[in-house]
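Asks: Handing you a structure now.
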Amino acid sequence: MTDPIFPPSAEVAANAHADAKKYDEMYAASVNDPEAFWAEHGKRLDWMTPYTKVKNTTFEYPDVSIKWYEDGELNVCVNCVDRHLETRGDQVAIIWESDEPGGDEKITYKKLHQEVSKLANVYKSLGVKKGDRVVLYMPMIPEAAYAMLACARIGAIHSIVFGGFSPDALASRIADSEAALVVTADEGPRGGRAVGLKKNVDAALDICGDVTTLVVARTGGGPGNKEGRDHDYATLMADASPDCPAEKMNAEDPLFVLYTSGSTGKPKGVVHTSGGYLVSASMTHQYTFDYHDGDVYWCTADVGWITGHSYIVYGPLANGATTLMFEGTPTYPDASRFWQVCEKHKVNQFYTAPTAIRSLMALGDVPVNKCDLSALKVLGTVGEPINPEAWNWYHNVVGKGKVPIVDTWWQTETGAHMMTPLPGAIATKPGSATKPFFGVQPVVLDPTTGKEITTQEAEGVLAIKDSWPSQMRTVYGDHERFVNTYFAAYKGYYFTEDGCRRDKDGYYWITGRVDDVLNVSGHRMGTAEIESALVAHPNVAEAAVVGYPHAVKGQGIYCYVTLNVGVEPSDDLRVELRNWVRKQIGPVASPDLIQWAPGLPKTRSGKIMRRILRKVAEDDFGSLGDTSTLAEPEVVDDLIANRMNRG
Ligand code: WTA
């Protein structure tokens, strides 16, 4: 069987930043002489002190070290804001669309410069200095972008915590990063409801101790400010000077920390630095979306995730783009909302997640067809493998069969797109992230031998052979963990923790995580985190969490729970445990299915056999494989008899 293939149209190719020939040439140059290639493309930024060194990287275990443009100096905020003032001061930088239809705001580069500079001065007045960490817990409002850029302006390091995380999760991130300031809003409207952000911050600070807090009044609701600790954003901004010189930063100074889930332990603080990160974020934004001056670009992610960092704020603004920021949800007030926003603002590039596409697909074609989507030039997806059915719907119904789709594979750790078609250059196949971006050298490794599979067709684990500019540099406060997580399993490579297949045309197909990380609605979640939340409940003796296929979310969260002796299982207890996990981690980690398990399948040495738990959760227990090493094989029969996901 051959996969359907969609070549770029001649018209798109003719006007694109890269056609097939140019992609081949640039890709070859990028891997044959990375120094020369990145020396050239580093010039897309404005440097205060030009770099003379380009690449200084080694993946050699345990001496992993990654430096790009290490003697260059720049300021990320200047690159995203100030440098555009002369040529496009009156151009719209950010279009903000509110949760309620009808509300929007257009922020020009001039205005962006003013707001960011004032906020940077407010930070200073609150004692924030270069190198300090600032935690942002924000709704999707322009102030979230101001808050990020103001950090960059004075060299403070932001750490954004997604608004769907609970006070407990927020507290641990505030504590881990030893934040000097928390920026939040009273409430965040989403889908017609108000998320109690300030309420959560208050609860978090009760846990981790008081930290100076700056509060944007978005709704006027919420618990009110605490004397001496909390400051009203508007009040301080009213008195702030719009003149704030930008700090000169080394290319390798951290720009931000972003916590993400791994297979073990608590979330890791992924550290991205200033120079290389911005080179990759801006270059991918330009090429992947084939962004041209004057285009209106919309990424529907939340700034709390890496996609929001690189593709709502840093990449687009570094390119002087018009970036749309949306406060709401795809289906509020109705199933047409995304498409109404596209029509209203004449969106040219639209970037969303497969889970959103699947949930909108389930609502039929009418809500899409009601809207004029003729401005669309590129459609993008990110976050998880996109199933061909969803891809085809996106292509046929949203793109009317004409708009190229870019399926972008990358990670919080990679900072920017790693594999993706370029609209004018690479023919697409539904479900494949296709080919590597410039400078990215993917390899498929045999998971047992760790050797590169050199045949064109290959299946194994995905690793990357050499560094790229926006690679994460370390785990905040724990370099050893960085080295051991990504460079120990397969020596000499960056291990992505994804499985993949390479087909006869050299196209890559990501098959999903090979570690214990779940991808629920495109959100990364560690099974270990959910398990430790469950066992922290007084009635729970033991818990094991696995993913199972979910029609809309991609993966659902399936929990096996062993209760303490004497505790009766009940539906009420199920609800209680679900709420408990929501409280410990946040609504994003809400269990979908909880099965009472009197025992878990363990080897004689006590190791839980997750393979069996996954199979039962998948409702595919005909092929459990070898169970002879189990200490008590009969627990499996009980698990099967009481399974929760019956297809
Ligand atoms: C998955 C999101 C298939 C993958 C930018 C990766 C994808 C994890 C794709 C990173 C894609 C992301 N096709 N899988 N186009 N994009 N993934 O850190 O498993 O939230 O390792 O970064 O999402 O998730 P993260």
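Backbone N, Cα and C define each Cβ position, glycine as well.
Heads up, here are the entries from TrEMBL:
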type: DOMAIN; residues: 23-80; note: domain 'Acetyl-coenzyme A synthetase N-terminal'
type: DOMAIN; residues: 82-467; note: domain 'AMP-dependent synthetase/ligase'
type: BINDING; residues: R190, G191, G192, R193, T307, S521, R582; note: CoA binding site
type: BINDING; residues: G383, E384, P385, D407, T408, W409, W410, Q411, T412, D498, R513, R524; note: ATP binding site
type: DOMAIN; residues: 529-607; note: domain 'AMP-binding enzyme C-terminal'
type: BINDING; residues: V535, H537, V540; note: Mg(2+) binding site
type: MOD_RES; residues: K607; note: N6-acetyllysine
Asks: Listed binding-site residues: W410, T412, R513, V535. Which have a CB under 6 angstroms from an atom of ligand 1?
Replies: W410, T412, R513
Asks: How do the residues of the domain 'AMP-binding enzyme C-terminal' (529-607) split into helix, strand and coil according to DSSP?
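Replies: Counting residues per DSSP class in the domain 'AMP-binding enzyme C-terminal' (529-607), I get 24 helix, 27 strand, 28 coil.
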Asks: Could you give the mean pLDDT over the domain 'Acetyl-coenzyme A synthetase N-terminal' (23-80), rounded to a whole number?
Replies: 98
Asks: List only the single closest residue to G383 (ATP binding site), chosen from the binding-site residues R190, G192, V535 by CA-CA distance.
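Replies: Sorting the binding-site residues by distance from G383 (ATP binding site), the top entry is R190.
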Asks: Hey, for the Mg(2+) site built from V535, H537, V540, who else sits with CB inside 8 A of the CB center?
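Replies: Sorted by sequence, the hits are A533, L534, A536, P538, N539, A541, E542, A543, V561, L577, W580.
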Asks: For R190 (CoA binding site) and T412 (ATP binding site), determine the Cα separation and express it in whole Å.
Replies: 24
Asks: When you put T307 (CoA binding site) at the centre and draw a 10 Å sphere around its Cα, which of the binding-site residues P385, T412, H537 have their Cα inside it?
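Replies: Near T307 (CoA binding site) by Cα: T412.
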Asks: Relative to the Cβ position of P385 (ATP binding site), how many further Cβ atoms are located within 10 Å?
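Replies: The answer is 22 other Cβ atoms.
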Asks: Find, for the listed binding-site residues V535, V540, the residue with the lowest Cβ contact count at a 10 Å cut-off, counting only other Cβ atoms.
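Replies: Fewest other Cβ atoms within 10 Å, among the binding-site residues V535, V540, is found for V535.
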Asks: Looking at the recorded positions P385, V535, H537, V540, K607, which has the shortest Cα distance to G191 (CoA binding site)?
Replies: P385
Asks: Using other CB atoms within 10 angstroms as the count, which residue among the binding-site residues T408, S521 scores least?
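Replies: With the binding-site residues T408, S521, fewest surrounding Cβ atoms within 10 Å: S521.
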Asks: List, in sequence order, the same-chain residues at least six positions removed whose CB sits under 8 Å from that of R513 (ATP binding site)?
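Replies: E497, D498, G499, N519 - these are the non-local Cβ neighbours of R513 (ATP binding site), listed in sequence order.
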Asks: What is the three-state DSSP composition of the domain 'Acetyl-coenzyme A synthetase N-terminal' (23-80), stated as helix, strand and coil residue counts?
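Replies: Taking each residue of the domain 'Acetyl-coenzyme A synthetase N-terminal' (23-80) in turn, the totals are 26 helix, 11 strand, 21 coil.
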Asks: Could you give the Cα-Cα distance between T412 (ATP binding site) and R582 (CoA binding site), in whole Å?
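Replies: Here the two Cα atoms are 23 Å apart.
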Asks: Pop the Cα-Cα gap between G192 (CoA binding site) and P385 (ATP binding site) into the table, whole Å please.
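Replies: One finds 30 Å between the Cα atoms of these residues.
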Asks: Would you please pick out, from the binding-site residues G191, G192, G383, the one with the fewest other Cβ atoms within 10 Å of its Cβ?
Replies: G192
